[in-house]
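> Structure below; questions to follow.
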Amino acid sequence: MMDQARSAFSNLFGGEPLSYTRFSLARQVDGDNSHVEMKLAVDEEENADNNTKANVTKPKRCGGSICYGTIAVIIFFLIGFMIGYLGYCKGVEPKTECERLAGTESPVREEPEEDFPAAPRLYWDDLKKKLSEKLDTTDFTSTIKLLNENSYVPREAGSQKDENLALYVENQFREFKLSKVWRDQHFVKIQVKDSAQNSVIIVDKNGRLVYLVENPGGYVAYSKAATVTGKLVHANFGTKKDFEDLDTPVNGSIVIVRAGKITFAEKVANAESLNAIGVLIYMDQTKFPIVNAELSFFGHAHLGTGDPYTPGFPSFNHTQFPPSRSSGLPNIPVQTISRAAAEKLFGNMEGDCPSDWKTDSTCRMVTSESKNVKLTVSNVLKEIKILNIFGVIKGFVEPDHYVVVGAQRDAWGPGAAKSGVGTALLLKLAEMFSDMVLKDGFQPSRSIIFASWSAGDFGSVGATEWLEGYLSSLHLKAFTYINLDKAVLGTSNFKVSASPLLYTLIEKTMQNVKHPVTGQSLYQDSNWASKVEKLTLDNAAFPFLAYSGIPAVSFCFCEDTDYPYLGTTMDTYKELTERIPELNKVARAAAEVAGQFMIKLTHDVELNLDYERYNSQLLSFVRDLNQYRADIKEMGLSLQWLYSARGDFFRATSRLTTDFGNAEKTDRFVMKKLNDRVMRVEYHFLSPYVSPKESPFRHVFWGSGSHTLSALLENLKLRKQNNSAFNETLFRNQLALATWTIQGAANALSGDVWDIDNEF
């Protein structure tokens, strides 16, 4: 064919030997077959087999313009012809004439990839059904009972039995084939009873012994070790209002208060702020209907969380931090006493307790003139090693983003309700979710971390130390904490405490889960969000929210009254099953609530955190502040900039909602950027203007300290109620820093710096 083409070309020009162009489409070594190479051959063929030159007669020259035009047309024709011809050769079998003429080697034949069928994607309804099926076949009570056996009871933090249970949890995580299992150890200081007994004694005015009231079996950790003597004054629950309502001053006196309503630490702090010299805490029969009047109980008095001797930094060994002490430690002795001991004290006191206290008829207000009470506390510090145990199911798309599910493991006493139920739920959820991933095709986009904490009884020490140790690693990675502690304390009510970011998720979950006894939906009140209580200091979810800025949720099935045996030696499996006969059903419902949280948070492309909920929180704060607009104006201040910051936050949430609506849900890069903006919201409500060491709970809504919005309002109220106590300089700082914190949250939600509304 090439010879024929050459012959035609030569004849056209009268046989004159001219240059011609060869196009080689040979496949290159690097696999690029689109390269075109041009070569010029003059006077002779590349394959001149006969080695003869063509003898031609020199023709007459044609007109220049006609010749050049004709040449151009023919060249283009030949180019098209050769490209088409060689293109056709690619479609024939290897080693054909076409391939040899093109001068190419046969391409390496690639083995076809085996076509495995893709696992079908599981949707929300599928996953909800699979979770329900697994819950139906799970026996929670046997695990709770196992954790209450002698080998694990009692399991005070740092004890051998606490470690035994830690190793059991670790082995279980490994048996469940989680993606990874590891442990985290800390060296912390706790307070324990000394060999010298604590005591409560009645003495006369000269300090002589009248009689011993009690050598209590329980104690209050982190009490000051001291002996004090003074009159005894009853202050109901020890709230601020209770102290305000008292007719008798408490300065220089020992205060006796009822357990409940607020934490031990808050009771002690309130008493100490009014110069009380000691505190006694008892459980009255009205609120805690326990038959055994001699029952002792345990608690702690640290107004904070974590190791109080390493405030704001982790308790790792050999960290060489200078000696430090939390400002939340009390400077007065504190002791729990039995109801029987309290009644003995009331026998030496005068004045009936107010009827609106709704307490025991034996209650009295103050000791008689001739008698005092002597309190001796001899607790000592002890350094212990604690273990936190972790297991993770890694996400398939965003493994670096994770929800943390945790439960306290230790307990003073048997701890069936306090830590046994939570640990059992943790183990069963880890087993079920691992099974769903390994066998049922569940592919969570984000990771799930299961955490078993130690030293929870001493103020969420294990959880807080982990947060302090890994705060920078957790930032914008851990996006929710689900607390399983004390999830089953009754059957009558379902109560929840959480960050507003989780309210929408909670509402949807309540609509999906049925009450374990009545069979009705947990969602019974459309106004439920207004009744949500703040997370308290004794809740392990609190440091996640207030210290780390991680949205957190804690929930329970419970009664209107407190569970009476928490922190006592009667917190046993036997008492738990007697009070809650349908324990397995209630535990199943608690696991279903937590399980649905976990699925929605790790499965959906859009993060299930409702950032718009904070608009109503900010609006509520501004409304409260507006009541004092005249006072603010008198100080020469304006709320204009606060309004502007609040408006910027509202606009930022609206823009983000629009961005989510316009985003292509299958574009993971875009969705991740949007989700990252959502994850910043809670964190940026941590005040950047206070030290984590001095004020660890920096959240302006849910933390504690002068930087909080509630503290700002409390200070401002004093301008009318008690002007001498009002601190105007403090208020000016509070208002300015609160405004900038809100503005910072709005800026973070806006995204990139060029998207921020800079009119502020």
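Here the Cβ of each residue, glycine as well, is placed from N, Cα and C on the backbone.
OK, Swiss-Prot features for this one:
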DOMAIN    223-313  domain 'PA'
CARBOHYD  Asn251  N-linked glycosylation site
CARBOHYD  Asn317  N-linked glycosylation site
CARBOHYD  Asn722  N-linked glycosylation site
CARBOHYD  Asn727  N-linked glycosylation site
LIPID     Cys62  S-palmitoyl cysteine
LIPID     Cys67  S-palmitoyl cysteine
REGION    1-67  region 'Mediates interaction with SH3BP4'
MOTIF     20-23  motif 'Endocytosis signal'
TOPO_DOM  1-65  topological domain 'Cytoplasmic'
TOPO_DOM  87-760  topological domain 'Extracellular'
> What mean pLDDT score does the topological domain 'Extracellular' (87-760) have in the model?
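Averaged over the topological domain 'Extracellular' (87-760), per-residue pLDDT gives 92.
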> Which is it, of Asn251, Asn727: the one of these glycosylation sites whose Cβ has the most other Cβ atoms within 10 Å?
Asn727
> What's the CA to CA span in angstrom from Asn727 (N-linked glycosylation site) over to Asn251 (N-linked glycosylation site)?
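Per the Cα atoms, Asn727 (N-linked glycosylation site) and Asn251 (N-linked glycosylation site) stand 24 Å apart.
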> If you run through the domain 'PA' (223-313) with DSSP, how many residues end up as helix, strand and coil?
16 helix, 21 strand, 54 coil
> Work out how many Å separate Asn251 (N-linked glycosylation site) and Asn722 (N-linked glycosylation site) at their Cα atoms, rounded off.
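One finds 20 Å between the Cα atoms of these residues.
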> For Asn722 (N-linked glycosylation site), what is the tally of other C-beta atoms lying within 10 angstroms of its C-beta?
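Around the Cβ of Asn722 (N-linked glycosylation site), 9 other Cβ atoms lie within 10 Å.
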